[in-house]
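**Q** Residues or ranges marked as region 'Disordered' by Swiss-Prot: 1-58, 530-557. Annotated N-myristoyl glycine per Swiss-Prot: 2, in sequence order, evidence recorded as similarity to another entry. If you look up Swiss-Prot, you'll see 7-25 marked as compositional bias 'Basic and acidic residues'. The domain 'SH3' annotation in Swiss-Prot covers 81-142. Annotation comment: Swiss-Prot describes 267-520 as domain 'Protein kinase'. Feature annotation from Swiss-Prot assigns ATP binding site to 273, 274, 275, 276, 277, 278, 279, 280, 281, 295. Among the features that Swiss-Prot reports, active site, proton acceptor is placed at 386, with the record citing sequence analysis. Positions annotated as phosphotyrosine by Swiss-Prot, on the basis of similarity to another entry: 416.
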């Protein structure tokens, strides 16, 4: 595994210097033509929430319901009403004969959006017609179509994106406020000797007349004009806006239209990534076009009928911190096709070369991401049953996603179902689940506490020196693992809350996510790849003074 610097080497990542039009405005202005959203100060932080896909009734074009949610986690936002012409946010290469290839910026007429996540569209550029992923487009001339608009991402996620050391000062994005519906926030990367890389968040307020402003002395009729102005003038910001924050293409919802139960021949197994008691994991390609991960299960591991029934539920779980289930081969040997995560399992990542460079802020951030995914599982009334570092996958920029949720329930191996054999993860399992088979979201919380020890010890096996039977006996008598070396007591206290004997006294994942994100906020953020210099070689000796720095109040809460 190489460095986690995220250089945009391919067209799937978007970075560009901003060259705005001359649209400076001062004083009052008429209302913007962008969707009317009531902006309010982003005054304080609240625990972040998941943004899974909202199910809606199918509808023919003629109009959009403004309560719809764009499924891309980094381009979320309400679709504009009455719009049938959309613009492409990313390049897309067709994967099947019925798909439509298109380029970023291409305008598309939507013909039919009643068939789920893949819409029938007609390109106004090429004249061709085919199916497109709905989260790759946005209504033409809307704020959702702006490259700098990231919609409904959390404050923490915006910081994760902006704190990439490759980003120069002034890299920015505009997002929805977490605290006030319809409000916006401008998030800007900065650098100084005291804090190193950091992010400033500025409230974007709304005028009664419909305009927008950060400071009342400089007002704009639209967010586009506000961004254009501050790309030329810092005017009280920490730095003028320079580059739009780079981001990768989102995952499509499924491989293609109607690609769920797929033929085994459509998959090519290329690189073996790992092997476990019940099968193997491969990097591979679907249909000769799409990189995927493929989990192959040994015959007899689980009933194909039970698996297919469970998979129908699993594919409906959609969250940016869950590994997306793409497709299945439902006849034995069962194949499970998911999105590919480039850095492999969290356990291998922690124990590998990159693990030694991880500091407490990165570890807490990874834990918060996992808690975010599990908070969604909690809200959906689902249970993972096998939460541990081996079942968390890592991507670029230390993105973590929960994998293999729900599969443990289906395993039919006698040694596993007895819950005592070597194949069963006793050390991660809550006592009521290990002894009596009572698996609930609260037993997942117990497992999360064990996972926290894996993070803080860089992948050490829990309960070192103890065998499974001894662990079960000792835990039943009240033993809990002591605080790992170099782990703050406050984090160990959180682990102990997860290990309370009464499941109902354990915290929720919603609480765990909020605690970890708030805890991360009080840590001095150490950027991935610890550097002594600022972005793009800016050091204390060559850093120039920034006139008017921080004359506008950034929301640091």
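From the backbone N, Cα and C atoms, a Cβ is placed for every residue, glycine too.
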**Q** Calculate the distance in Å between the alpha carbons (Cα) of the residue listed as 'active site, proton acceptor' and residue 273 (ATP binding site), and round it to a whole number.
**A** 20
**Q** With DSSP as the reference, give the number of residues of the domain 'SH3' (81-142) in helix, strand and coil.
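**A** Helix (H, G, I), strand (E, B), coil: 3 helix, 27 strand, 32 coil.
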**Q** Among the binding-site residues 273, 281, which residue has its Cβ surrounded by the fewest other Cβ atoms within 10 Å?
**A** 273
**Q** Going by DSSP, is residue 386 (active site, proton acceptor) part of a helix, a strand, or coil?
**A** coil
**Q** Measuring CB to CB from residue 275 (ATP binding site), give everything in the same chain under 8 Å that is also at least six residues away in sequence.
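**A** In sequence order, 281 meet the Cβ cut-off.
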**Q** Report the member of 279, 386 (the recorded positions) whose C-beta atom has the most other C-beta atoms within 10 angstroms.
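**A** Selected residue: 386.
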**Q** Mean pLDDT for the domain 'Protein kinase' (267-520), as a whole number?
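**A** Reported value for the domain 'Protein kinase' (267-520) is a mean pLDDT of 89.
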